[in-house]
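The 5-phospho-alpha-D-ribose 1-diphosphate binding site annotation in TrEMBL covers ARG79, ARG104, ASP131, PRO132, MET133, LEU134, ALA135, THR136, GLY137, GLY138, SER139, ASP200. Annotation source TrEMBL lists uracil binding site at ILE194, GLY199, ASP200, ALA201. Feature annotation from TrEMBL assigns domain 'Phosphoribosyltransferase' to 6-208.
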Amino acid sequence: MAKVCVMEHPLIQHKIGVIRRKETGSKDFRQIIGEIAMLMCYEATRDLKLQDVEIETPICRTTAKELQGKKLAVIPILRAGIGMVEGMLAMIPAAKVGHIGLYRDPETLKPVEYYCKLPGDCAEREVFVVDPMLATGGSAVAAIQMLKDKGVKNIRFMCIIAAPEGIEAMQKAHPDVDIYIGAKDECLNDHGYIVPGLGDAGDRIFGTK
Ligand SMILES: O=P(O)(O)OC[C@H]1O[C@H](OP(=O)(O)OP(=O)(O)O)[C@H](O)[C@@H]1O
Ligand SMILES: O=c1cc[nH]c(=O)[nH]1
Ligand SMILES: [Mg+2]
């Protein structure tokens, strides 16, 4: 079973506390989502492999480190996942970016696909799927299945708030995918929203409510 890692870093926890507040407006919400994504990316890339490389500094030759192995890609689940892209790229600027468009039908809570554009060499990359919210898990499970259907093998999922139901659904459908979580919440309400959560992440990032 892949790992489920809940981030304990105090900066991440503090910033999540700010975006949970209903009085936090779109400008601050968007900015802080980006900051959290950057900090989470730092934590979630701790186990990337390094290799030695011979280089020349202005002073002498030496052995330095560089990232080894697969190149990276960041795949946000639209719309809300877009809010995490800039923060991820601040940490891993050479990553390619793909987009998966899914929205959750408000009645059935099932994900509906409307867009998919991935880097051509996505299957050879280590992919970080990002979405601030993991609620029922339907969207993340479907997005990751879309990637697997295209041959992607190395996938990690990163979200800011997760419900236990979503974590369980992910582990059942994709036991090979590591999950990085900012905060694990209590449950879902009758409308499939995370409790206490932060409301509708997409609407709060883009000011569409
Ligand atoms: O785990 P689930 O039950 O599938 O719910 C989570 C999904 O719901 C939200 O997207 P939403 O459908 O609101 O689309 P949006 O990003 O365009 O607002 C959120 O950003 C996730 O993608
Ligand atoms: O709480 C929730 C659940 C799904 N999507 C959101 O944006 N928020
Ligand atoms: Mg939404």
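Note that Cβ sites are derived from N, Cα and C of the backbone, with glycine treated the same way.
Projection of TrEMBL feature records onto the structure.
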| residue | record | DSSP (3 states) |
| --- | --- | --- |
| ARG79 | 5-phospho-alpha-D-ribose 1-diphosphate binding site | coil |
| ASP131 | 5-phospho-alpha-D-ribose 1-diphosphate binding site | coil |
| GLY137 | 5-phospho-alpha-D-ribose 1-diphosphate binding site | coil |
| ILE194 | uracil binding site | strand |
| GLY199 | uracil binding site | coil |
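For ILE194 (uracil binding site), other Cβ atoms within 10 Å of its Cβ number 25. Note: ASP200 (uracil binding site) has non-local neighbours TYR193, LYS209, i.e. same-chain residues 6+ apart with C-beta under 8 A of its own C-beta. The distance from the Cα of SER139 (5-phospho-alpha-D-ribose 1-diphosphate binding site) to the Cα of ILE194 (uracil binding site) comes to 14 Å. For the pair formed by GLY137 (5-phospho-alpha-D-ribose 1-diphosphate binding site) and ALA201 (uracil binding site), distance between Cα atoms is given as 15 Å, rounded to the nearest Å. Closest to GLY199 (uracil binding site) in space, going by CA atoms and restricting to the binding-site residues ARG79, ASP131, MET133, is MET133. There are 26 other Cβ atoms within 10 Å of the Cβ belonging to GLY137 (5-phospho-alpha-D-ribose 1-diphosphate binding site).
Annotation for ALA201 (uracil binding site): same-chain Cβ neighbours under 8 Å, separated by at least 6 residues, are ILE33, ALA80, GLY83, PRO132, MET133, ILE160, ILE161. For ASP131 (5-phospho-alpha-D-ribose 1-diphosphate binding site), the same-chain residues 6+ apart in sequence whose C-beta sits under 8 angstroms from its C-beta are PRO76, ILE77, ALA80, GLY81, MET84, SER139, ALA140, ALA143, PHE157, MET158, CYS159.
Apart from ILE194, GLY199, ASP200, ALA201, the uracil site neighbourhood in this chain, defined by C-beta within 8 angstroms of the site C-beta centre, holds PRO132, MET133, ILE161, TYR193, GLY197, LEU198, GLY202, ASP203, ARG204.
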